[in-house]
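Worksheet: one structure, shown below.
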Amino acid sequence: MEPRLRVFELARELGVDSKRVLEVLQSLNVDVKNHMSTIDQKTAEKVTDAVRRTEAQEGQGAGKSAAKSAKPAAQPKPTREANPAKTSLLEDFFGSGTRPQRPLSEKRERRPLTERRPLAERRPLAERPLVDRPVTERPLAERPAAELRPGAAKAAAPARPAAEAQPVAERRAPAEAAQAAQAERRPAEKAQPAAAAKAAPPEKAGAAPVPGAVAEQKQAATPAAAEQKPAGKAEQTAGAAQAKPARAEAGTGASSRPASAAPAAQGEKRPAAAAERREEPQAEAPQTSGPSRPVPAGPGQPARPAGSGIGVPVKPAAGGKSGLGLPTRPGEKAADGARGGGSGIGLPVKPAAGQGTAARAGGLGLPQKPKAGAPRPGGGLGAPQRPGRRGAPLAIPKLDPKVAEQAKAGEGKPRYGQSGDKRRADLYDRREHPSSQPSEEKLFGQRPKRKASAQERRVLKPITVTGPMSVKDLAHEMGVTAAEVIKTLLTGFGIMATINQELDVDTCVLVASEFGVEATVEQKEDIIEVYDRVEDPDEPAELKKPRHPVVTIMGHVDHGKTSLLDAIRQAKVAAGEAGGITQHIGAYEVELNGRKITFLDTPGHEAFTAMRARGANVTDIAVLVVAADDSVMPQTVESINHAKAANVPILVAINKIDKPEANPQRVMQDLTQYGLVPEEWGGDTIMVPVSAKQKTNLDLLLENILVLAEVSDLKANPDKPAAGTILEAALDKARGPVATVLVQAGTLNTGDVFVAGTSWGRVRAMFDHRGRKLKSAGPSTPVRVLGFDSVPQAGDVFRVTPDEKTARAIAEKRIAKAQAERLAQKAISLDDFMNQVAQGEIKDLNVIVKADVQGSVEAIRGQLEKLRNEEVKVKVIHAGVGAISESDVMLAVASKAIIIGFNVRPDDRASRAADEHGIDVRTYSVIYDIVDDIEAAMKGMLKPKIEEVILGKAEVRETFKVPKVGMAAGCMVIQGKVTRNARYRLIRDGVVVWDGEINALRRFKDEVREVSEGYECGITLQNFHDFKRGDILEAYELQEIKAG
């Protein structure tokens, strides 16, 4: 949308009241309400032209009266003076490049020049008093401007010593100048647009004359020059020039061009900007007749040509170079030491060396950046002329229809069409006026260059796809916008995606190919998979150091595993176990001859199969304990299978050899059936007969364990972040979640951040198996760790992470993955369950399990899930660690479940809630008791067996019709009895024709409950009336027979 400008902003730039602009708008039939209304570019230009035209007409009479008056004119208002630090808003709006035929920056510089607007109409030139000035009486015929302005050139009388060098006879009268200008006006009009845009060597101009130079110039001025100076100008002093430097009218471009008091030498180089414009092709301006006047710069200095306000070069005449200064506004004083003011569109000229900054040649009428130590002069819009060429200030082209026609026809070149001028002006604006820079979309200006589209900005370089990527990331990698990727997915693949939706690898490759980008698939290892491993397979072997072995005690129930370990480590552990059965993994360290051995005690019965499997995976040597009196049992076989699956060497300890019925040879014979051949029989399995009770051969057992460890060459790298396995986890009311961790690689230190499964945390404290606090733990060391955010799962991999952010991210990803898997499983099982319920094939016994440690929870869950038969199964809907809470009771209420607690008790609130809702809460200390009770409950829930009992039979002897009832059958009970509430089936020729209930059973006219054998009765059936003689009505009922 085209930018718009408010009325009060336009009025402020035009220097008039908003009311006046509103009147002009109303006269132009533009619908505006107040000064806050907005107008477009064309309307603003129309208003600007109308206001200028009106001001010019009003100021024409004022200019003439001011010329006739000998009294010096009043100083212009401060608001009319140029402000070098300000950039016109209209210039921002109508800057270069928006109107090639006439940049609006000219309008900005012409704004305060209201009296001089119709200068082209004021003729003859004799009416202007400014012709009496010494330098302004040049023949105007030499000015190739489109419109010659009478008395257009003014000189700073006292500052210009050129009066001595110029003969009075050469100064033409205004009438002569007008006649000469009339002859050359037409060719000048054609050359003016192109010439105005070209840069000639700039005329030297000082922003503020140095006092010393001003004094020298005053001494060099001739009496004739002083006589020709108007009375109103004679009062100007050098002091005034020092106090107030010559400034340009910023709104109009009129500039008082101070002459250079000490011009540079003839060989001085021009600025780069002027040099660039000199090299550009210039339209030849017509040569003018009449003598040219050199402008001496000072005593002993070579003369420099004077530049015209419009930059139209004039060929120099013989004898020197000449130039013409630009006139100031009527009634305005020129500063001493400065040349007469320029026209409304002139540019200040280049100063001599040491005299300040020259106006940029061919510039945009903006204030120029001063050199060091010199004030900024005002700037105009014209370009300085070439040496020796004269020119006159260009009249406002808006009022000249010929200039407009030339611009429309393309004859003239835009003044600011040169890219160099525009680039230099824009650069100056950015340096000097950062606050006045227009926005990207210039108001009333040309649309900025279109940014390169995503298609153009695309870098067609290969990308690497390491995994699923979101639409946003894929678009960023390819250098396109997300909208393009979404569009391609929809149109090319029919996928409706959002910006954050993840795309799989194959889709990413296909989308990249649609954009012409080569995609390489590189499978990046998932961070979860990295932290799921304990050992690094790529770790160099030279970094590993020897470590002590980890030994697992395995075997059948009550074969003496814990007793043997207790005997080894000299601690009474078995006495603390409920029922003498180990309930969860214990990890202990023993030392023999300075060498350590870590023992893991795993429960032996089949309920702890999963725990035993984990124990086998973390161990180096498996000690299989077999009782000499029981020999091989089912759990013994299972232990052998787990050890072989984990590739763990097995050492057999034949326990209880002190018993009279012990038979070690039988044990060895039975083990050979499972691939364990003793060394005595030529095998490779070490078998040691021991007695845990008598502590027989314990040292021999330990020595053999160390021998196997040496053969296995156990090594680990202790100089890396720790990694291990969670052996056991529990929730301690005082210390929170606590876990037993076996460090398998690296060194675990207090303060390390870790992740284990879906839990993470920081090591707050570590304790060994004796309860001593540790600061670090190396490989093969079991420790109890505090600092988990939640209770981890037994068997989870424990890994130290670089920071908490990484640990939290891994845990959250694992939680999300587990939830997704659980939801998927629930969806499938729910569908199956609903089908089974609809068919009446299955029933569930919902159970909530709470235990003291995670290992017990898993053991109970596994044991209960095995308790099922053809019609009933146990469904564990929740299992956790800790005391039975009120939330567990509420869950049991909602799911109609029973609560089982193992080594835990319900709290007070949970007990009250259970009593209130009638929830069955049972607590146990031995797992086998749980199994027995659940089996009994399942028997009570078995679907009862339905048996059909025949009550009696009746034969249809007669049929008759009963009003309002239908057909009735007159029957004779031939067997048993028939009752009112029994079910009946109608049998005809051995085929059941109908089955259902009867409507009525009558004997004569009375309703009866039953009719015995040998009696007659009348029977009507529900929805059946087609009785026939000989049909048999069989009465029966269904009875439930409970399973024993």
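Each residue, glycine too, has its Cβ placed from N, Cα and C.
Here the structure is a predicted model, which means the values were calculated and not measured.
Database features (Swiss-Prot):
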type     : residues                  : note
REGION   : 55-458                    : region 'Disordered'
COMPBIAS : 57-77                     : compositional bias 'Low complexity'
COMPBIAS : 104-146                   : compositional bias 'Basic and acidic residues'
COMPBIAS : 147-168                   : compositional bias 'Low complexity'
COMPBIAS : 190-231                   : compositional bias 'Low complexity'
COMPBIAS : 254-265                   : compositional bias 'Low complexity'
COMPBIAS : 267-281                   : compositional bias 'Basic and acidic residues'
COMPBIAS : 352-375                   : compositional bias 'Low complexity'
COMPBIAS : 383-395                   : compositional bias 'Low complexity'
COMPBIAS : 399-444                   : compositional bias 'Basic and acidic residues'
DOMAIN   : 546-714                   : domain 'tr-type G'
REGION   : 555-562                   : region 'G1'
BINDING  : 555-562, 601-605, 655-658 : GTP binding site
REGION   : 580-584                   : region 'G2'
REGION   : 601-604                   : region 'G3'
REGION   : 655-658                   : region 'G4'
| In sequence order, which residues at least six apart in the same chain have a CB under 8 Å from the CB of Ile657 (GTP binding site)? | Ala628, Pro664, Pro689, Val690, Ser691, Thr696
| query | Near the Cβ of Gly555 (GTP binding site), how many other Cβ atoms are there if near means within 10 Å? | reply | 27
| Secondary structure at Gly555 (GTP binding site) (DSSP, helix/strand/coil)? | strand
| note | Per DSSP (helix/strand/coil reduction), Lys561 (GTP binding site) sits in helix
| query | Here are some binding-site residues: Asp558, Lys561. Which one has the most Cβ atoms within 10 Å of its Cβ? | reply | Lys561
| said: Please compute the mean pLDDT of the model over the region 'G1' (555-562). | reply: 80
| request: Taking helix as H, G and I and strand as E and B in DSSP, count the residues of the region 'G4' (655-658) in helix, strand and coil. | output: 0 helix, 1 strand, 3 coil
